[in-house]
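Feature annotations, reproduced from Swiss-Prot:
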BINDING   CYS34, CYS230, HIS269, GLU273  Zn(2+) binding site
BINDING   LYS305  ATP binding site
MOTIF     36-46  motif ''HIGH' region'
MOTIF     302-306  motif ''KMSKS' region'
Amino acid sequence: MPDTAPQLRLYNTLTRTKEAFAPIDAKNVRMYVCGPTVYDFAHIGNARPVIVFDVLFRLLRHVYGAQHVTYARNITDVDDKINARAARDYPDLPFNEAIRKVTESTNAQFQADVTALGNLQPTVQPRATEHMDEMRAMIDRLVQRGVAYVAQDHVLFSPSAMNARKGPRYGALARRSLDEMLAGARVDVASYKRDEMDFVLWKPSKKGEPGWPSPAGIETLGRPGWHIECSAMSMAKLLEPFGGGLKCDDPERNQFDIHGGGIDLVFPHHENEIAQSCCALGTERMANIWMHNGFLQVEGQKMSKSLGNFITIRDVLNDGLPQLGEWGDNTVRDRWAGLAARLSMLQTHYREPINWTAQRLAESADELHRWYGLLRDEGFGAPEKLSHASAVAAALCDDLNSWAAITALRQAFKVRDVAALGEGMALMGLLDPYFVTASDVPIFARADVDASAIAARIAERLNFINAKNWAEADRIRDELLQEGVQLKDSKDPATGERITTWDVVG
């Protein structure tokens, strides 16, 4: 841990407060984040938690050491949506083969897309199909403890039975009673349920559907419910390797540090995960800190296919930001667009709703262009340590205050503190060494452009604008355009201040 590292504080959805982060074991910091269901291309809303928790992963590695942090992000490859996509896309193949084609191709695309967004690979990415044994064992334990029951070849969890026991209460994360949750939720009404709020841990597979040997003495093949998958995978990757699990009766060993995901997962998914894990493992908390990122809109509207504003990560990467022109192979172009998308996302605090706009994406690309131009001009190399990233680290240690971190990067750029800029960008996942060191990147071929002189003229123009001397402001703009430098004016959405960016044209 760096000697000068500030105290990391994170907002905990469970307590509704910002808390000092104290890992269970500083040598084994553990985080689990709900990953994709691999049946279709991931959309930009899916990108947000990937980016947010990648920044946290980087920060934890910076504070505690890379070898002391384990980050698990699951892959859901058992789901009714996968079955439906397989039947639609591969009707002539055996069903299991069709499912494998859907999950393998979709997962490969997801991995390529999130890598282009500048994300590190998680330490482990467990797949649901690889952890059926753990799911069955947890379900058997829940039945034995009287909080789950068998009905018509289903196994169901009973929240009311959980709340009749001593220990954690169902509804603590969502801060709602059973009656309130029932009134506000869409629940499956089924004759085999004892109570409407009971949820499925295991269900029978229909003919032709994928199936596995069932728990709880059920003779037919079946498959797991969504919620038990994450309980089992987090146990397998974050508890059992560190002495916890079903064979452990030490509650502290059966908890990990951080669980993350989108705000839409608070109920029912995360509430149900907590119920399953706490009852099976005998602990008060599945994870000590629960973190959730806010919703995403597109150009001020909810993203939906019916509105025609449904944007995948791949759409963003294919957008063709102007800096690269027609140059570059697809991988390089993806990486540049991915960095711009990452910076655009991080300009909004992770807990706040975000409005995705094409203008913000373009402005982010312009800003990165200027930052990388300075790094190249000053011969910045890939940093081995991040000893000059203290301002960015301090901002991120305040509940991942990415806006304050970006403000620190802008200040470093303004005063030409190359070490602080480059290392701060690295800590946020915004530094791609290729764009710093490659000699053939055309967007940085600006030997005849004096960036500092342009910045001075932009500042002079801003003074004229503030003085309402429009003629002189226009004169500077027109002179720069004649020299091949085009100015673009916009407003900072947070402060309302004018932002002027520039690009070489012609």
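Any Cβ shown, glycine's included, is placed from N, Cα and C.
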All-chain count of other Cβ atoms within 10 Å of CYS230 (Zn(2+) binding site): 29
Cβ-centroid neighbours of Zn(2+) site CYS34, CYS230, HIS269, GLU273, 8 Å, sequence order: TRP226, HIS227, GLU229, SER231, HIS259, GLY261, LEU265, HIS270, ASN272
Proximal but sequence-remote residues of the same chain as HIS269 (Zn(2+) binding site) (Cβ under 8 Å, at least 6 apart): CYS34, TRP226, HIS227, CYS230, GLY261
Euclidean distance between Cα atoms of GLU273 (Zn(2+) binding site) and the residue listed as 'ATP binding site', Å: 30
Cβ atoms near GLU273 (Zn(2+) binding site) (within 10 Å, other residues, all chains): 26
Least buried by Cβ count (within 10 Å) of the binding-site residues CYS34, LYS305: LYS305
DSSP-derived structure type at CYS34 (Zn(2+) binding site), helix or strand or else coil: coil
The residue listed as 'ATP binding site' in three-state DSSP notation: coil
